[in-house]
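Engineer: Have a look at this one before I ask anything.
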Amino acid sequence: MRVIIESDYQALSQWAANYVASKINAANPTPEKPFVLGCPTGSSPLGMYKALIELNKQGKVSFQNVVTFNMDEYVGLPEDHPESYHTFMWKNFFNHIDIKKENVHILNGNAEDLEAECANYEKQIAEIGGIDLFMGGIGPDGHIAFNEPGSSLSSRTRIKTLTTDTIIANSRFFDNDVNKVPKTALTVGVGTVLSAKEVLIICNGHNKARALQHAVEGGITQMWTISALQMHQHGIIVCDEAATDELKVGTYKYFKDIEKANL
């Protein structure tokens with residue numbers, strides 16, 4: 001696992017955007033062989049999305065031959081609801097880049113058969129050849145996507161009940177009213193994320209420090225699902241200084257030293 005420690009949120013967002021753009025460009029994608037990107041929502045990736053939009057406007061990266069699969073979606077929210085992840089992705093990213101609408105895949109939380117929707121999502125990922133780079137955020141409790149503590153580390157796309165902590169955390173997007181937050185969601189599994197060729201996790205702020213410490217220094221456990229990244233051959237966490245507050249001094253210095261040429 002690589003841990004990239006940047007000074008602040010803006011710096012880590014730019015690093016992540018540059019990394020994603022470099023991977024797309026190196027793949028030289030075509031309509032027949034597109035680059036497949038896994039996309040998160042939430043506040044963590046917003047800076048990266050803004051930086052990627054700028055790189056796209058500057059002609060430094062194109063999304064014409066990029067196919068995306070989003071991590072998750074609430075169950076029961078209309079697609080055009082202001083807090084649906086469909087709305088989030090188009091408003092904050094897709095509307096501002098040269099991606100083709102037919103290349104965007106987001107789980108349908110209003111499907112008649114939710115289990116079939118999840119199975120078909122996995123099938124679509126497999127048929128295109130898997131995900132080249134899965135980007136993700138991390139919750140204060142170490143969850144990735146909606147894989148809450150206790151989730152199977154080999155799990156695939158499925159329906160999940162959200163924990164009280166997550167409902168409270170997400171209520172900030174629903175007028176701070178926990179009763180407005182959907183109680184279930186469709187989410188890719190930990191195994192789905194780990195099946196990607198590369199995984200890039202964004203971790204920022206002191207409130208994520210404990211999760212980062214478990215991800216890097218702790219054992220692999222279902223109670224901190226991000227810890228499963230230790231098993232991935234090409235896992236990267238890019239974080240800011242505040243997120244490193246719980247790391248041992250030796251761990252911090254090790255990653256600062258080994259990655260100094262890449263910062």
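Placed from the backbone N, Cα and C atoms, the Cβ positions cover glycine too.
Pulled these from Swiss-Prot:
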type	residues	note
ACT_SITE	D72	active site, proton acceptor
ACT_SITE	D141	active site, for ring-opening step
ACT_SITE	H143	active site, proton acceptor
ACT_SITE	E148	active site, for ring-opening step
SITE	S151	site 'Part of the allosteric site'
SITE	R158	site 'Part of the allosteric site'
SITE	K160	site 'Part of the allosteric site'
SITE	T161	site 'Part of the allosteric site'
SITE	Y254	site 'Part of the allosteric site'
Engineer: Which residue among the recorded sites S151, T161 has the fewest other Cβ atoms within 10 Å of its Cβ, if you could check?
Structural biologist: T161
Engineer: Can you tell which of H143, R158, K160 has the most other C-beta atoms within 10 Å, given these are the recorded positions?
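Structural biologist: It comes out as H143.
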Engineer: Which of the recorded positions D72, D141, Y254 has its Cα closest in space to the Cα of K160 (site 'Part of the allosteric site')?
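Structural biologist: With Cα distances computed to K160 (site 'Part of the allosteric site'), the winner among D72, D141, Y254 is D72.
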Engineer: Tell me whether Y254 (site 'Part of the allosteric site') sits in a helix, a strand or coil according to DSSP.
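Structural biologist: The residue in question, Y254 (site 'Part of the allosteric site'), is helix (DSSP, three-state).
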Engineer: With DSSP assignments reduced to helix, strand and coil, which class does H143 (active site, proton acceptor) get?
Structural biologist: coil
Engineer: Give the distance between the Cα atoms of H143 (active site, proton acceptor) and R158 (site 'Part of the allosteric site'), rounded to the nearest whole Å.
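Structural biologist: Per the Cα atoms, H143 (active site, proton acceptor) and R158 (site 'Part of the allosteric site') stand 15 Å apart.
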Engineer: Compare the C-alpha of D72 (active site, proton acceptor) with the C-alpha of each of the recorded positions D141, E148, S151, Y254, and give the closest one.
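Structural biologist: So, of the listed recorded positions, the one sitting closest to D72 (active site, proton acceptor) is E148.
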Engineer: I'd like to know which of the active-site residues D141, E148 has the most other Cβ atoms within 10 Å of its Cβ.
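Structural biologist: Ranked by Cβ atoms within 10 Å, first place goes to E148.
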Engineer: Roughly how many Å lie between the Cα atoms of S151 (site 'Part of the allosteric site') and Y254 (site 'Part of the allosteric site'), rounded to a whole value?
Structural biologist: 30
Engineer: Compute the C-alpha separation of T161 (site 'Part of the allosteric site') from Y254 (site 'Part of the allosteric site'), stating it in Å without decimals.
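Structural biologist: Cα-Cα, rounded: 38 Å.
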Engineer: Nearest of the recorded positions to Y254 (site 'Part of the allosteric site') by CA-CA distance, picking from D141, E148, R158?
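Structural biologist: With Cα distances computed to Y254 (site 'Part of the allosteric site'), the winner among D141, E148, R158 is D141.
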Engineer: Please name the residue among the recorded positions D72, Y254 whose C-beta has the most neighbouring C-beta atoms within 10 angstroms.
Structural biologist: D72
